[in-house]
Amino acid sequence: KPCLFCCISINNCLSEELDIRPKVSSLLSRLVNYTNITQGAKEHEEEESAEASRRKTPKSPNMGTLMGVYLPCLQNIFGVILFLRLTWIVGMAGIMQSLLIVLMCCSCTMLTAISMSAIATNGVVPAGGAYFMISRSLGPEFGGAVGLCFYLGTTFASAMYILGAIEIFLVSFAMLNNMRVYGSICLTLMAVVVFVGVRYVNKLASLFLACVIISIVSIYAGAIKSMTHPPEFPICMLGNRTLVRDRFDVCAKTVIQGNITVPSQLWERFCLPGNMSSAQCDDYFIQNNVTEIQGIPGLGSGIIRENMWGNYLQKGEILEKAGLQSVDTHGALDNFGMYVSADIATSFTLLVGIFFPSATGIMAGSNRSGDLRDAQKSIPVGTILAITTTSLVYLSSVVLFGSCIEGVVLRDKFGDAVRKNLVVGTLSWPSPWVIVIGSFFSTVGAGLQSLTGAPRLLQAIAKDNIIPFLRVFGHGKTNGEPTWALLLTGLIAELGILIASLDMVAPILSMFFLMCYLFVNLACAVQTLLRTPNWRPRFKYYHWALSFLGMSMCLALMFISSWYYAIVAMGIAGMIYKYIEYQGAEKEWGDGIRGLSLSAARYALLRLEVGPPHTKNWRPQLLVLLKLDEDLHVKYPRLLTFASQLKAGKGLTIVGSVIQGNFLDSYGEMQAAEQAIKNMMEIERVKGFCQVVVASKVREGIVHLIQSCGLGGMKHNTVVMGWPYGWRQSEDPRAWKTFINTVRCTTAAHLALMVPKNVSFYPSNHERFTDGNIDVWWIVHDGGMLMLLPFLLKQHKVWRKCKMRIFTVAQMDDNSIQMKKDLATFLYQLRIEAEVEVVEMHDSDISAYTYERTLMMEQRSQMLRQMRLSSAERQREAQLVKDRHSLVRMGSLYSDEEEEVVEAPPEKVQMTWTKERCEAERRNRNNAPENFRELMSLKPDQSNVRRMHTAVKLNEVIVNRSHDARLVLLNMPGPPRNADGDENYMEFLEVLTEGLERVLLVRGGGREVITIYS
């Protein structure tokens, strides 16, 4: 039977659990049926909404590694730089430095691919590529900043591809030489194609890929053929200078026509019309011979020795061949256009920035993760194989170009020496037109893909709602096409087109891609070092050191290629980061930065545990005790305002409150109270933490807060609480007893205490005091708290223009002049600017007012002690209090509803007047006049009279000097050791602060908080 009962209870528990938690089978079913949607558009939880369930079930992803990752990466990596600039880079930098450039860029992308593979295989990655991985790994701030950088890089990449296509077009079909016009027309046509439908771009993708592969194969075929039959591309040289070949027909000074020697077109370019013997010609033309050299000597020619090292040129410098004879004389400037010259100044760093875009495109596989059959396997294998393949192609191409092509041809960027042919086309087989057509279509295809991908990336960022001003770009056509994002992408790409230089656009997009790759490496390194439980990538061949090496290479390449572009790109990313941090929506994505913050906080807390802070590092770490009303609203929000003004955003602030009751019953109420306090903290701009405790008694809850708030070395050292207003009018002594108990607890815990009196008169954060004083009445030494607090307040804009005055009290036997000098010197050493005044208090007779105040205080205390209510009267009194205040177990912070009060033994409630009841009532009436006579004949205690005398005299002096002060700071005397004098203590504090608008009572924590030493 016991076993049966156990089974029944277990089943009941399981049924309750199943009501609130899903079954394992349903959980597995949802994981298996996971479907991908637009990148970053919605979170995983929103995919299961009713709207999503009404959609058609998408076709299951079925692409493998080859079609889904390898070939798209190849198509994106190979591009315009290979066909238009790699030969020029080899000619300028030489084979050795070109190999170094290729190795640096490809190593950077390989290390990034390793980090990306680790992130991509750590769970399901929805379609979103780099943006999704970085934002979910490093948080919305980094994700938004790097996502926009990646978007800008992709947009400028489309501009670069279009400029490359137009350059091929202008070189091959020489027409109106205006790249801006043709580029703008091409961009408009491409944008229309993308707007009409992406499906057309996808259908042409295989054609573009075939063009790339055929072009590369033709280059290798031409290089192999050049070993035996090099192509005929003669270069015309004048001396050692390279001539523009399409300006003349025959490479000679004269030609023979019908046995007559006549001037050639070349002669006519360099000489004035007239007789050949007496013609005025260019000096350099006359003194140097015209020769022809082979532009493509071939693989076995040994030209590799001449092309091994670099030959950087300045802008306008003529391309010269070192081995040819030349008489060095200055020719006429009019003939400068006949020579092939450098259009820009070249250097190693410039070439790095121009080449790096040819190594980008490694994210193509991760961008298509939603279409892959097994993304966690295909992405690492396909991406790394693609980078390996392209790296080998680039490295071998550098060697082949340097081994087959003449150096002056390699340095000829636009093919002027080979009749406007693409230089790489001169090497290809069977015809240069293979390269012309293939490279043109491949660059157009790459531009279309960039124009397709960039708007979707911007749409994903906009739909994540982390950057408010981008929300409009999250909308599009009814089928989800990002119309507005495409429009913005086209406008930004047009800016790149207007630059009209491939060599200037390439470093710009290099910066943005390098920034993106840098943060991919950082994300992997952070996740690896933090060892978060969720970091379990299937790809195992990664290490944090490799990620840091990749990150360092990205940073180095940014500054190597263009330090000013690098600073601009980092500035843009930094501004976006700060904007998202300040204005953007908060997202909790379980990112690594959150984990990094936790690790850093743990490390810092362990370091703080070494010992208490030095006096130089001391600052008030506040525990603000708040009182809530019956609707869980903060009763005195100006306490938070004062805390924010005192802290100015620095140090620790904990806001605490107590709810009276049972924790199990009041848990929801506690959460509501926490939220109300957090909302008020946000309104008052208090940066800190909130803690609400539930306790059976408010007094005990406050003690718990004082003991347990904070963590490790980050614990409060100062308590701020409000004054118990109306304690005199209340017949319930619990209000002021809770206050005094808190004062005793802070003293016992060696904590400082601040009590702002009349806190509702304190200024808000929007007010400004343009003049006035902060008066400090330094009665006893408290460790320097009274000196430090005004200084901290003056850091805030509300109190900044107030002046600080320090008053100290001298007795009759003190030297007030010397005291003033000593205090001024002390303040000078403390580096605190304040006006010093010494107030002399003369011994005087105790006034009748003082005697009367003391007598009234003691009579009231005696009367309250003698008041004993019958059981029925106590019940009626409790009901009246309940009706008047309507409190529902919500204890005031300074009144304890369950205070232990000395009570008479409980009596039976009599429903009728019995004989015993009548005698008891008669005795009470007889005793009343006697008690009244005792009160009237009471003489005040002499110690109380002395204390009252001091308080009255001190209050007179303070009111006289500081009645118009913006704030008065006073030493707060400690409560009496004997609890019988608690009420008298409250009266003394009232008398001391009477007549002052804003008073801050301060009690030190027993340690020095300010020092004269540096």
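Along the chain as shown, residues are numbered 1 onward.
Each residue, glycine too, has its Cβ placed from N, Cα and C.
TrEMBL lists 69-223, 323-623 with the feature domain 'Amino acid permease/ SLC12A'. According to TrEMBL, the feature domain 'SLC12A transporter C-terminal' maps to 637-755, 769-1014. Here TrEMBL flags 69-88, 100-125, 145-169, 181-198, 204-223, 344-364, 384-410, 422-441, 483-502, 509-530, 542-568 as transmembrane segment.
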The transmembrane segment (422-441): which same-chain residues, six or more beyond its ends, come within Cβ distance under 8 Å?
80, 82-84, 86-88, 164-165, 168-169, 171-172, 207-208, 211-212, 214-215, 218-219, 221-223, 225-226, 231, 233, 295-296, 400-401, 404-405, 409-410, 412, 415
Is it true that the transmembrane segment (542-568) and the transmembrane segment (100-125) have 3 or more CB pairs under 8 Å, sequence gap of 6 or more?
yes
With Cβ-Cβ distances below 8 Å as the criterion, list the same-chain residues six or more beyond the ends of the transmembrane segment (145-169) that contact it, or say none.
79-80, 83-84, 130-131, 134-135, 138, 179, 182-183, 186-187, 190, 357, 360, 414, 422, 436, 439-440, 443-444, 446-447, 450-451, 453-454, 457-458, 460-461, 467, 489, 492-497, 499-502, 505-506, 508-509, 511-513, 515-516, 519, 569, 572-574, 576-577, 580
With the cut-off at Cβ under 8 Å and a gap of six or more residues from its ends, the chain residues touching the transmembrane segment (69-88) are 160-161, 164-165, 167-168, 205, 208-209, 212-213, 215-216, 354-355, 357-365, 368, 372, 378-379, 381-383, 385-387, 389-390, 393-394, 397-398, 401, 405, 409-413, 422-424, 435, 438-439, 442-443, 445-446, 449, 502-503, 506
Is the transmembrane segment (204-223) packed against any residues at least 6 beyond its ends, judged by a Cβ distance under 8 Å, and which are they?
71, 74-75, 78, 82-83, 231, 299, 393, 397, 400, 403-404, 424, 427-430, 434-435, 437-439, 441-442, 444-446, 448-449
Counts by DSSP class (helix H/G/I, strand E/B, coil) across the domain 'SLC12A transporter C-terminal' (637-755)
57 helix, 25 strand, 37 coil
